[in-house]
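The structure appears below as C-alpha cells.
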Amino acid sequence: MARHIMAVCVVCLLCAHRLHCQDHIESLLGPARVTTHNSQDQLNARVYTNLSPSSETTDRRQQRSASGDDDTFNYSISPPSRREKRHAGHEHGPTSESRVPQITQYYLEKLMAQDELMNSSGFDGLLQQLSLHSLASGASEGTCVPGSRLVHHVQPHDHHHAHHHEEEDHSLQLNNCTLIQNGTTSNVICPSLPNNNTHPLGKEAKNFTLSDKDLLHLCPILLYELKAQSGGCIEPAILSDIDTTEELLEAEKDKDIFYVWIYAFISVFACGILGLVGVAIIPFMGSRYYKYIIQYLVALAVGTMTGDALLHLLPHSLAGQDERGMIMKGLGCLGGIIFFYVMEHALTMISEWRKSVEKKETKKPSRAKVMRDPDSSVNNSVAGDKICKQKYSSYPYCYDEITMNNKQSEWMHLPFDVAAGAGGDAPSVAELRNGVGDHDGSNDMAAAAESLISPLHTNCVEMNHHNHNHKHNSHQQNHEGQDSNTIVTDLDGNAVYAVNKAKDKDSRNDHVTVILREHESSHHGHSHRHGHVHSPPETLSAVAWMIIMGDGLHNFTDGMAIGAAFAENIAGGFSTSLAVFCHELPHELGDFAILIKAGMSVKSAVYYNLLTGVLSFIGMIFGIAFGQSQDVAQWMFAVAAGLFIYIALVDMMPEISASHKSLGQFLLQILGMLSGVGIMLLIALYEGDLMSAFGTAGAASHQHAH
C-alpha cells in the first residue's frame, strides 16, 4: 500500500510543481475534452496504462520536447536510463530500485532535473513553488521546523549526536500550537524557539543534497502538508516525539546486541564442546549400530549445510541487490568455494613437504614390517567403517598397528626358531624379488621390500622409527643371532621375513611400518585393482599440526558464519548454528578417531579438539563485529554459503555416496538429507515468527517488508 501511495505522491508533487493537475490531464489526453465526472477515471487510466507513442503526432511530441514540457512516456525520443530488472522483491523496503514502479522512476528523474542529486537551494525552490513557505530555510523564523531539519530526519544520521543538541530546544517548546483560519488559508502559530542565528544542528546542516530515495521519503510529508493547508509548518514537538521513538528503538537495538553476543557464544560453545563427545562414544565405536548412526549424521549434515546455504545465507546476501550486485554476491560464493579448495590442498602440500624434509634427515631403518590394510577398498568400503578416513582428517587412513602397544615388540620376534631362521626356511630377499612365496600377496610384499632396500626407491616409503626396550633379556639373546635386516608381513595372517647376513647390534631395534593398500574401482560391470605402499604418519607432532591447521580453519569459518548470522537477526543465527552443529558432530568424531588411532592418548586428543575450538570464538567475534554493517554482512553471507556448499558436497557427500550397497543404507541417507533440508526450510519460512518470539527490534520491520 505504501508503494502505491508513493507512486501517486510523486505524480501529484510534480503536478503541483509544474502545472495544475487539470491542465496536466488535458495535455496527456490530447484534444479530448475532460469533463468533471470522468476526470478521475481518466487520470487513473493514464497512470496505470502505458499509452502508445503513436497516440500523439510526431510534430506535437517534438514541440513538447523542445519546450521542456514533455510529461508523456515518449521513450522513442528520450528513453529512460534505467532498464527493467529481471529480479524483484529482494528489498526490505519500498525505496529499492527493483521495487520502484517505472512511472515513479520516470517522474523522479524529471523532478531531479536529470541530475542524480538535488541541492538545498533546489529543494527550497520546490517548497516555495508548493506554497510550503514555512518549510523553506530561514522562512520559519523559529516558529516551525525548517526544511533542513526535516531532511536530517529522513537521511541516515547519528541519532544520539543530534538528539544531544536538540533536546534542550525541544524542552522549551510547548504543545499549544493553534490553527488560525482566514477564509481559504490556514496558519499554525507555535511558540518561538530561541533565535541564535545558528542552525540547531550546525551550519553545515543547511547545505545538503537529496537523492531520489530521500525525495521518496519526503513525499508523504509534503503531500500531508499540502492536504492540511498549513503552509508547511511542522510543530517541533512532533520531531521531539519522533526523536524519543528513535531513541527507544536504538535502546532496543543495544539490548538485542547483548542477546546476540549471548546466543552466539552459547551456540559456538555448544558446537565446540562436541570434541568431548568423542570420549563418550569410545565404548560404542565397535557397535554394529555405530556405522549406521554415523551415516545418518553425515547425511543430516549434508542436508542442513546445503539447506542453510541455499535457503538462508544466499537469499540474505542477495536481498536488496540490483542485477550487478547479485552477480558480485554470486562471485563471492564461488570465491568461498575456491578459497576452501586452495586452503585444503595447501595444507596437504605443506604436510607432504614436512614429511619429505623429515625423511631426508632420518636414517634408513634396519627392520621393516609390511602389512596389508584390512580397511582397504577391496576388503571394506562402508563409510561407517571408514569414518576416520574422511577428508576432514589430517591423514586419510587409520593406522591400527601404531596403537597396539602390546604387539609393537612382538612382531619383531621371528616366529621360527633360530635354527629354522638360519637354515633358510624363510625366503630370502632375492626370492622375494623373484616373486617366490608361499602365500598370496608375496609379490606385493616383495615390491615393498625392494623399495625399502634399493636406494633408488627410498622416496616410496616413509619411515617411522620406534625404539623399543624389551623387558625379557633372555628373549632378546635368543634373537641376538638373527639378521638385523628383516622384513615381516602379516598378509593374510602369514609371516614373511628376509634375512641379511650383516649384523648390527645397535640398529636391531630400528624398524619401519609399511602398509600395503589395494584400491579397486568398479564401473560398467568390471573392476580394476591396483596396490601401492602407504606409510603411517611420521610423528605425532605432524598429526597434531595438521589437525590444528585443518580443523582450525573449519572452526574459524564456522564461527564467523554464526556471528554474522546472529548479527543480522537471531532467528537466522540459530539456523546457521544448527547447520554447523550437525556438521561438527561427525566432523569432531572423525578427528577424535584419527588422533586416537595415531597413538594419542584420550586426554591429548580432547586437548587438541578443544584447542581448535578456540578459533570458533575468534571467528564469532569477527562475524559479529563486521556483521553490524549490512553491506559487509551480505558479503560474509555469500562467502559463508560457498564454504558450506564446498564442505557439504566435496568433503561430506563422498562419505555417503561410497556406501549405498543396501536399500536400508540408501533410505537412511535419504532420510538424513531430507531431515536436514526440512529443518532449514521451516526455519527459513517462519524466520519472521521466530524473530518475534525472540523479541528482536527488527521483527516488526522485517515482517512489514515481507
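Placed from the backbone N, Cα and C atoms, the Cβ positions cover glycine too.
As annotated by Swiss-Prot, signal peptide applies to 1-21, with the evidence given as sequence analysis.
Mean pLDDT, taken over the topological domain 'Extracellular' (22-261), works out to 58 on the 0 to 100 scale. Residues annotated as topological domain 'Extracellular' in Swiss-Prot, with sequence analysis given as evidence: 22-261 (among others).
Annotation source Swiss-Prot lists region 'Disordered' at 40-101.
Swiss-Prot lists ASN74 (among others) with the feature N-linked glycosylation site.
The N-linked glycosylation site annotation in Swiss-Prot covers ASN119 (among others) and is backed by sequence analysis. In the three-state DSSP assignment, the secondary structure recorded for ASN119 (N-linked glycosylation site) is strand.
According to Swiss-Prot, the feature N-linked glycosylation site maps to ASN176 (among others), an assignment based on sequence analysis.
Taken from Swiss-Prot, the feature N-linked glycosylation site covers ASN182 (among others).
Taken from Swiss-Prot, the feature N-linked glycosylation site applies to ASN196 (among others), supported by sequence analysis.
Sequence annotations record features per position, and here Swiss-Prot assigns N-linked glycosylation site to ASN207 (among others) based on sequence analysis. ASN207 (N-linked glycosylation site) falls within neither a helix nor a strand when secondary structure is assigned with DSSP, and so counts as coil. Within its own chain, ASN207 (N-linked glycosylation site) has ASN119, SER120 as residues 6 or more apart in sequence whose C-beta sits under 8 angstroms from its own.
Within the chain carrying the transmembrane segment (262-282), a Cβ under 8 angstroms from the stretch's Cβ atoms is held by residues 290, 555, 558-559, 562-563, 566, 570, 573-574, 577, 580-581, 584-585, 588-589, 591-593, 596, 602, 605-606, 609-610, 612-614, 616-617, 620, 623-624, all 6 or more beyond its ends. The transmembrane segment annotation in Swiss-Prot covers 262-282 (among others) and is backed by sequence analysis.
The DSSP breakdown of the topological domain 'Cytoplasmic' (283-292) into helical (H, G, I), extended (E, B) and coil residues amounts to 5 helix, 0 strand, 5 coil. Summarising the annotation, Swiss-Prot assigns topological domain 'Cytoplasmic' to 283-292 (among others) and lists sequence analysis as the type of evidence.
Residues 383-384, 387, 561, 565, 572, 575-576, 578-579, 582-583, 585-587, 589, 637-638, 640-642, 644-645, 647-649, 652-653, 655-656, 659, 665, 668-681, 683-684, 687 of the same chain lie 6 or more positions beyond the ends of the transmembrane segment (293-313) yet place their CB under 8 Å from a CB of it. Look at Swiss-Prot and you will find 293-313 (among others) tagged as transmembrane segment.
Annotation comment: Swiss-Prot describes 314-329 (among others) as topological domain 'Extracellular', evidence class sequence analysis.
If you look at the transmembrane segment (330-350), the same-chain residues 6 or more away from its ends with a CB under 8 A from one of its CBs are 314, 317, 391, 546, 549-550, 553, 557, 635, 638-643, 645-647, 650. Annotation comment: Swiss-Prot describes 330-350 (among others) as transmembrane segment.
The topological domain 'Cytoplasmic' annotation in Swiss-Prot covers 351-604 (among others).
Positions annotated as phosphoserine by Swiss-Prot, on the basis of experimental evidence: SER376 (among others).
For the topological domain 'Extracellular' (314-329), the DSSP-based tally of helix, strand and coil residues reads 12 helix, 0 strand, 4 coil. For ASN119 (N-linked glycosylation site), the Cβ neighbour count at a 10 Å cut-off comes to 13, with all displayed protein chains included.
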